[in-house]
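Q: I'd like to ask some things about the structure below.
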Amino acid sequence: DEAVRGTCEDASVCKRFAVSVGYWKDPYIQYFVRQAKERKAPEINRGKLACYYARVHGVSYLIKAFLKKTECNCQIVNLGAGMDTLFWRLKDENLLPRKYFEVDFPMIVARKIHNIKSKPPLSKPIMESHSGDSLLIDSHSLDSTRYSIVGADLRFSSDLEEKLKKHNLDIQLPTLLVAECVLVYMTPQQSADLLKWAASTFPVAMFINYEQVNMMDRFGQIMIENLQRRQCNLAGVEVCRSLDSQRERLLLNGWEAAHAIDMMKVYSFLPQADVKRIEALEFLDEKELFEQLMQHYCICWASRDSSNL
């Protein structure tokens with residue numbers, strides 16, 4: 001678990017660096033992550049930053065489509081949210097759902113809550129969107145009218161549901177669940193249980209999953225070996241064989257419709273003027289390596305839709 005928690009730090013540092021050089025705008029990440037002392041850590045290469053750019057824009061596109069379809073009369077549950085800043089960015093765009101939940105390991109949640117409490121640019125938007133009684137906050141959870149953080153282990157969905165309901169999860173509300181590089185760290189049985197729980201709990205729901213794909217080839221094996229050297233085990237990697245295996249997992253666990261595309265495809269769908277802008281930020285000297293990296297990550301999304309949204 002410690003190595004998995006360490007991936008939160010890696011992802012946050014990469015995102016902070018990408019924002020600092022202009023890949024996308026995020027005025028809030030600076031309050032959660034210190035800028036790396038060196039200009040760029042050796043493992044943050046240009047291809048990795050472009051992959052993050054495609055991930056942020058691809059996931060954001062689906063989230064905003066769901067918010068618009070439901071006219072924000074919905075809730076979002078961000079699973080394994082880490083130091084994500086989406087709540088604050090959605091508030092700035094007047095796109096907050098009825099309630100926004102984040103779930104992560106209690107240790108990560110404690111750190112995030114500490115940052116929120118000690119930094120007014122983070123706490124003020126939560127207070128502005130809060131109404132009613134005083135805001136509930138302790139070391140491992142925060143609950144306001146529109147935003148909650150819950151410390152829980154996603155491998156135990158009954159515990160997860162209980163904690164979310166304490167924070168006023170409404171199972172009748174259209175619900176978007178987001179998991180970015182989360183399911184791969186759980187065994188296939190554990191991730192299946194989580195997906196089944198989500199599919200059987202909410203009558204109208206969408207699940208967005210961003211993670212590895214095509215992991216059985218040589219490039220995928222090298223990715224696995226690199227992580228293993230850091231004692232980080234991809235317990236669920238067997239589900240990441242192909243786009244088909246990713247779709248099948250969602251359909252077998254109660255979702256009615258499922259789609260999956262690799263990040264190279266996502267990159268080709270993004271507004272090309274902006275793609276040209278980010279490609280001009282730093283010279284990409286290993287185009288082939290970048291394409292291979294993008295073909296080994298994907299975005300999958302699935303839905304259950306009893307009200308024909």
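The chain as shown is numbered from 1 upward.
Cβ atoms here come from the backbone N, Cα and C positions, even for glycine.
Here's the feature list from TrEMBL:
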- Arg55, Gly80, Asp153, Leu154, Glu180: S-adenosyl-L-methionine binding site (BINDING)
Q: Look at each of the binding-site residues, Asp153, Glu180, and point out the one with the fewest other Cβ atoms around it within 10 Å.
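A: Least crowded of the binding-site residues Asp153, Glu180, by Cβ count within 10 Å, is Asp153.
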Q: In sequence order, which residues at least six apart in the same chain have a CB under 8 Å from the CB of Arg55 (S-adenosyl-L-methionine binding site)?
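A: Those within reach of Arg55 (S-adenosyl-L-methionine binding site), by Cβ under 8 Å and sequence separation of 6 or more, are Glu180, Tyr210, Met263, Val266, Tyr297, Ile299.
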Q: How far apart, in Å, are the two Cα atoms that lie farthest from each other among Arg55, Gly80, Asp153, Leu154, Glu180, the residues recorded as binding S-adenosyl-L-methionine?
A: 24
Q: State the count of C-beta atoms found within 10 angstroms of the C-beta of Leu154 (S-adenosyl-L-methionine binding site), not counting that atom itself.
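A: Its Cβ shell of radius 10 Å holds 22 other Cβ atoms.
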Q: Just how many other Cβ atoms lie inside 10 Å of the Cβ on Gly80 (S-adenosyl-L-methionine binding site)?
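A: That number is 22.
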